[in-house]
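Comments concern the structure below.
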Amino acid sequence: MISLHRSCFLNNSGISGSSSLFSYKLNKLPPASVKATALGPNSDTNASVLIENKAFKEITQDGTSAAANVDINLTVAGGDREVYYDDAATEDQLVTPWSVSVASGYSLLRDPHHNKGLAFTEKERDAHYLRGLLPPTVISQDLQVKKMMYSIRKYKVPLQKYMAMMDLQETNERLFYKLLIDNVEELLPVVYTPTVGEACQKYGSIFRRPQGVFISLKEKGKIHEVLRNWPQKDIQVIVVTDGERILGLGDLGCQGMGIPIGKLSLYTALGGVCPSACLPVTIDVGTNNEQLLNDEFYIGLRRRRATGLEYAELMDEFMTAVKQNYGEKVLIQFEDFANHNAFDLLAKYGTTHLVFNDDIQGTASVVLAGLVAALKVVGGTLADHRFLFLGAGEAGTGIAELTALEISKQTNMPLEEAHKKISLVDSKGLIVKSRIDSLQHFKKPWAHDHEPIKKLVDAVNGTKPTVLIGTSGVGRTFTKEVVEAMAALNDKPIIFSLSNPTSQSECTAEEAYTWSKGRAIFASGSPFDPVEYEGRVFVPGQANNAYIFPGFGLGLIMSGAIRVHDDMLLAASEALAAQVTQENFDKGLIYPPFKNIRQISANIAANVAAKAYELGLATRQPRPKDLVKYAESCMYNPAYRSYR
């Protein structure tokens, strides 16, 4: 009896990647058809499946075939899985493009996981019945990348580039990731912010093929079965949104699916997490966006948003079903939930699930890394600086709390004292003690003894910050008056304008450098072009969450972590800050260039994994000796594989 396990590819000695429904690890290739006993995707009973294909079926003279009876061990309900992203260990071996059967012919060209387009060799075209289905030319993957970049650059509208990339992802997965990895600085704004914001706004109009799981109120009571409809079973990262607060664009309902899809493409491209282990999910509880409710192309539920018990019960069923289907170690990343749900969900499930909120924790970690790096330019320690935030939602309070934790850790200062170095301004002005009874719970730690102040410029002059951070989601709120006030108070004011997309940024890079007379240390959430001021070229930093979450997730996966701890976020920040070189500082950068992002992610993953082992939260034993090298070896490699 041969024991089979699902994996990325079928090869002679190991696992790498995943297939569309079942794929297996074999000690040797079965001589003919495979009789597979497995759990049916929609029932708890065993289903016997006969898998056959001429590509490996040996026909005897009397027409019978040799067969291998195979017992498949599918621990669907959350058992420990040995699925690893060991492309580096097996990339020199021949593999079989395995799905329910060995993919061949026309079906192989329509399978995005195994399609190679014109890169199929002459031998592969013969073996897999591709003769006549492709033009005669054979080209390399590198030439395909060159051709695709030539085509994408011809588009002048960013949304057209986005749609071209999504089409490629749905037809040739490995070429998509190869393209994105090799051209990350150019294509990151296309598949992620700011273009993904416009894509979500128009998602109903551009929607073609589903790329994730949509769970609406219609699925209440059967979410466990809905998740099992997804063909991949070894899921290790889920990005989920309910679409209520997409970037700075507000409630986009079901059309928020563009965010989980974009985030997970970066988990693979930047962090090396196998694409088959990633699952985008949208929870559709309706929308309060009247424009969408009246849009004939809207793809979601046409009702007002569910709240209270109805909402809580659906989310609880979802979280329970995830653990039942995928086990204790699946990472669930909450994305773009509104404040009133985001904090409660993180607090509720943080003790029972491996959960991470990118808007609260990811943003905090990447901004803290920028602050730590900026200290090498402006001098002093974090405790020597004063911080003023415009915006007191998920991002603002998340950054403030993690910064206070780092100050407390560095100085042994009580956390309450560290809080006093940080002030927040919300829509009603400076958060002060006299307002405490009317404040939401997550704002109360920042209510200090100070007279009420309404205007931001007055708050700057009143609190005298060295660091100004914008997370308001409101564009152009860092006015000339505000920036000049910061420059008057500080020789090198640190100004972070973090709101996305670009239209919502508190100020532009050009405004920050010009109004501060070239003295500002600037970073933004969305990308800005370099700025020339008085003969000097400034390259603005981008405090992009994509620096953190892919490597952070890889670190959790490779250590088998079962919970997220704040110290892991601090470890990620420290690892990112350490990657900034003197050459970067000389250009005005406080973040390393994205062209090195996979190496950056490997270092972040190693730091996070080390902290997981230190805290006793890692389950994958023994601990690897060199965590950086181990992280690199776990990363998905999009290079084409050679087929039998």
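Every residue gets a Cβ built from N, Cα and C, even glycine.
Where the annotation comes from TrEMBL, it is an automatic prediction and has not been curated.
TrEMBL annotations:
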| type | residues | note |
| --- | --- | --- |
| ACT_SITE | Y192 | active site, proton donor |
| ACT_SITE | K263 | active site, proton acceptor |
| BINDING | R245, N500, N544 | (S)-malate binding site |
| BINDING | E335, D336, D359 | divalent metal cation binding site |
| DOMAIN | 169-350 | domain 'Malic enzyme N-terminal' |
| DOMAIN | 360-613 | domain 'Malic enzyme NAD-binding' |
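Long-range Cβ contacts of D359 (divalent metal cation binding site) within its own chain (separation 6+, distance under 8 Å): R245, F334, E335, D336, F337, A342, E394, A395, G398. Same-chain residues that are not part of E335, D336, D359 yet have a Cβ within 8 Å of the Cβ center of the divalent metal cation site turn out to be T241, R245, I246, I259, F334, F337, A342, N357, D358, E394. Using a 10 Å Cα-Cα cut-off from K263 (active site, proton acceptor), the recorded positions that qualify among Y192, N500, N544 are Y192. On a Cα basis, N544 ((S)-malate binding site) lies 10 Å away from the residue listed as 'active site, proton donor'.
Whole-number maximum of the Cα to Cα distances across the (S)-malate-binding residues R245, N500, N544: 18 angstrom. Mean model confidence for the domain 'Malic enzyme N-terminal' (169-350) is a pLDDT of 95.
Here the recorded positions are R245, K263; the one with the fewest Cβ atoms within 10 Å of its Cβ is R245. Of all the Cβ atoms in the protein chains shown, 24 others lie within 10 Å of the Cβ of N500 ((S)-malate binding site). Around the Cβ of N544 ((S)-malate binding site), 26 further Cβ atoms fall within 10 Å across all displayed protein chains.
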